[in-house]
Amino acid sequence: MLTSRLSRVGFRIINELSRGGYRCMSRTRFRQGHCGQCQRSPVELLSETRAFFQGAIFQKHHYFSTLGSNNTSGGGDEQKETISVTFVSKDGEEIPIRVPIGTSMLEAAHQNDIELEGACEGSLACSTCHVIVMDMEHYNKLEEPSDEENDMLDLAFGLTETSRLGCQIIARPELDGIRLAIPAATRNFAVDGYVAKPH
Amino acid sequence: MAIFGARRVLWRSFSTISSHPLRVCIVGSGPAGFYTAEKILKTHQGSQVDIIDRLPTPYGLVRSGVAPDHPETKNVINQFSRVAQNGRCSFLGNVALGYSISLVELRELYHVVVLAYGAESDRVVGIPGEDLKGVHSAREFVWWYNGHPYGRNLDPDLKNTDTAVILGQGNVALDVARILLRPTSELAITDIASHALTALEQSSIRKVYLVGRRGPVQAACTAKELREVLGIKDLYIHIKETDLKITPADEEERKNSRIHRRIYELLSKAATAGPSQPSSGQRELHFVFFRQPDRFLESYDKKGYVSGVHLEKTTLKGIGSGKQIAIGTGQFENLSCGIVLKSIGYKSVPVDDLPFDNQKGVVPNVKGRILSDNSGDPTSIENGLYVCGWLKRGPTGIIATNLYCAEETVASLSEDLELGVLASTTRLPKLGRDGLLQILDNRNVRVVPFSAWERIDKEEKRLGSLRNKPREKLTSWEELLKVAGSE
């Protein structure tokens, strides 16, 4: 009983620390190394906290199984809980963030105050969360867009060959390091869903 | 990049450089109005933005245009309501430009006025018989099923016929076709107006024709809507295979447009899939291409009522830059029906004291800066007067188009502020909201602020929950104002 309660608390602390880690990073866009704790990856924070709990009555395997059940990919401690994603804003500003596995890029952008519109709130009824995947390698790792997503991409402004909807890109370990550009609104934007030739 | 950042900082603090807070009035609370308000509030800290609308309810076509069975498209309302709830923003409903307050008065009260009132009229076909009973504008039909106070009395007769003809093949045309053909049990759990649901439940319409004067390559609808209408349960779809033939000019058009390629694919698949004849009692949707209306036919038995459309076959002719137009061939045929819905485009309504381009249906402007006359001379600009949305670009595009439209208009505004173009007005304080409310009070105008809209919203949701609908819209001015006014 005590063990399970401790493991629940332990997991919550890990979560808070991890979240605090990447949120801190997004605020220090212009200044590196502002917050000492931010330099560490969540995995390192994990082992620190684990050490803390070893003082109490706490079983290793129990601890890991609690973590495992909350990790969408399931399984061992080599699995990252978050991946690194870099957004490039309309002005060219690079914003590196960490995104939990299972979170969409749209949600991640909003959680980090990145200016990515999401008019329909992720329900595939608009194209405002349009992002451009900046390298082919990561683009090819994404699943093919559904008909519904393609229908919305038809209407996206500044559509390119590596365009996707941010609400449909879900963080997975394979996408670690992905870079997403937020398209600039062009002065000569077209109406009627007409899409300029891809660049 | 650094320079751009510096410029942005300059704009943001401009309202404190001039000692008076920037006061802006936006006319129209649809997507153009709200995206403009959001951008101004963000870019100009200290600015005060008032959004007026002649209806007691905000959100423009998001509320009265988007079809009832497209609730996700309306999610943007959440974003707009957060803008309205911003301390520096006020929604003022039931305030009509030209009636409650004039444009001249608004320009006196505010440093900047942005017109974003959209398009509330129609392009006219301009053929004989257009005023026969049973010929309606699709815009009014949409207002009718969406519970707009001005659509309530349309009372379209859906019981005298089994056939409806829709002129046009854009998304509005598809919406109307879908509402006429969808099983009413599916419509019953949407926010469709009750009077429309009742009429549709009693409707005898079983066949709908979507008539376009050009071909499948030029169809103006978009993929999601087309896919949806083609996917209606137990609906027989008819498209003539010969209409699918592609000319080299068509191929050129298709090559340059992803969206037209995908539309064509959907149409050609639908033409060949499915049975060649409808089964007995099955509802039918016919795509008719290369036909333009020549005149509306009058019924022999019921004088003054429409009984069909006299159509002329067309052929396409290139007019340069990859565009093709339809021209008549002199061959005609008749299409019988008891109701016609014209869906060939909306049109804006001009307002007093403003130049208006009647041909394009827009207020002449350069990047959102309103021009003093129709000459198009970019140097004769009206100070402090801007335009956004359909009134600026014409009635085309989707909700998101207004996002970029607002960005452009607000960029023009910000540039004008920075360069001192508006200095003559901004160096003076303006009465803004307080002044406006005073005048409206003197005129006994019952202003509906956002908090009053929230009462309407709550009541509509409550009434809806009694009928398993997301909301039951209040459709008369009296009801709306009564609920708005109650505590």
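Just so you know, the numbers here start at 1 and follow the chain as drawn.
A Cβ is built for glycine as well, from the same backbone N, Cα and C atoms used for every other residue.
Note that the coordinates shown come from a computational prediction; the quantities given were computed from them, not determined experimentally.
Record check: TrEMBL places B:Q169, B:G170, B:N171, B:V172, B:R213, B:R214, B:G397 at the NADP(+) site, and the matching candidate among B:E201, B:E225, B:E228 is B:E225. Cross-referencing B:L55, B:L61, B:L428 with the FAD binding residues that TrEMBL gives (B:A32, B:L97, B:W390, B:G397, B:I398, B:I399) picks out B:L61. For B:I398 (FAD binding site), applying a Cβ distance below 8 Å and a minimum sequence separation of six or more within one chain yields B:T222. In this structure, B:V172 (NADP(+) binding site) is part of a helix by DSSP. Across the structure, B:G170 (NADP(+) binding site) and B:G397 (FAD binding site) are spaced 11 Å apart at their Cα atoms. Ranking the binding-site residues B:A32, B:L61, B:L97, B:V172, B:I399 by how many Cβ atoms sit within 10 Å of each one's Cβ puts B:A32 at the top. Mean pLDDT across the domain 'FAD/NAD(P)-binding' (B:23-202) comes to 97 in this model.
Annotation note: B:L61 (FAD binding site) sits in a helical segment as assigned by DSSP.
Taking 8 Å as the upper bound (exclusive) on CB-CB distance to chain A, the binding-site residues B:L61, B:Q169, B:G170, B:E225, B:W390, B:I398 give B:I398 in sequence order. Within the set B:Q169, B:G170, B:N171, B:V172, B:R213, B:R214, B:E225, B:G397 that the record links to NADP(+), no two Cα atoms are more than 20 Å apart, and one pair reaches that distance.
Its Cβ taken as reference, B:Q169 (NADP(+) binding site) is surrounded by 27 other Cβ atoms within 10 Å in the chains shown.
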